[in-house]
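Asks: Handing you this structure, nothing more for now.
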Amino acid sequence: MDEVTELQTGGNSLLKAVWLGRLRLTRLLLEGGAYINESNEKGETALMVACITTHVDQQSISKAKMVKYLLDNRADPNIQDKSGKTALMHACIRGAGGEVVTLLLDNGADPSLEDHSGASALVHAINADDKDVLQHLLNACRAKGKEVIIITMDKSATGAKATKQYLNVPPLLFAPEVPSPTPPSNAVGPVTPVEPRAADLHWANRGDKQPESASSSTSRGRGAS
């Protein structure tokens, strides 16, 4: 095994097989008693590794096929690693694609879970500028009856972004009567006290209205309701 594989899998045979995309070996290990939710020293499970891996060779199966196999064998999509990230978050960060994200969502992955930095899968998809994956996530939230607002603000002259998610909470950040850009205390996740210059507002479950695209923006003087 190469050094990258050893580092990523922590020497765990199941995680190695998944990282390398070896379906037959993965099946043999599970049939032989390997625990499907076993994790490495970073708390990453086989399902997370399947979403993270970049290894491709002639013997590898597709990322989606491995993810499906693990989910079919009761891999838990909502386990969080030591940084608080789930398989769904890793899929968003690593650009695993809409097929993988859909498989995770269809098997119970919760898009509203947050990692230790306060970021959800929705936030990671925004930061990765993955509009296809973002649409899948917004549709999943709408199907569960959740109103979702994602606000992306430039927070420095370099264009670095601070992205925040709100679930069923009015985005008071842009209400004219609010003197500071700090949202209500029950907003999801901490907020960096910065002056917003532009924002993307993404809505789910606004009647028949479709979510706005990831490129739309709202100025500060405009309220959302």
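Placed from the backbone N, Cα and C atoms, the Cβ positions cover glycine too.
All TrEMBL annotations are machine predictions without curation.
Annotations for this protein, taken from TrEMBL, read as follows:
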- 197-211: compositional bias 'Basic and acidic residues' (COMPBIAS)
- 213-225: compositional bias 'Low complexity' (COMPBIAS)
- 178-225: region 'Disordered' (REGION)
- 9-41: repeat 'ANK' (REPEAT)
- 42-82: repeat 'ANK' (REPEAT)
- 83-116: repeat 'ANK' (REPEAT)
Asks: Can you name the far-off residues of the same chain, 6+ from the ends of the repeat 'ANK' (9-41), with a Cβ under 8 Å from a Cβ of it?
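Replies: For the repeat 'ANK' (9-41), the sequence-distant neighbours (Cβ-Cβ under 8 Å, at least 6 residues beyond its ends) are 1, 47, 49-50, 53, 55-57, 59-63, 65-66, 69-70, 73-76, 79, 81.
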Asks: What same-chain residues lie close to the repeat 'ANK' (42-82): Cβ under 8 Å, and 6 or more beyond its ends?
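Replies: Contacts with the repeat 'ANK' (42-82): 4-5, 8-10, 14-15, 18-23, 26-27, 30, 36, 88, 90-91, 94, 96-97, 99-100, 103-104, 107-110, 113, 115.
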Asks: Report the mean pLDDT of the predicted model across the repeat 'ANK' (42-82), rounded to a whole number.
Replies: 96
Asks: Tally of helix, strand and coil residues over the repeat 'ANK' (9-41) according to DSSP?
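Replies: Taking the repeat 'ANK' (9-41) as a whole: 17 helix, 1 strand, 15 coil.
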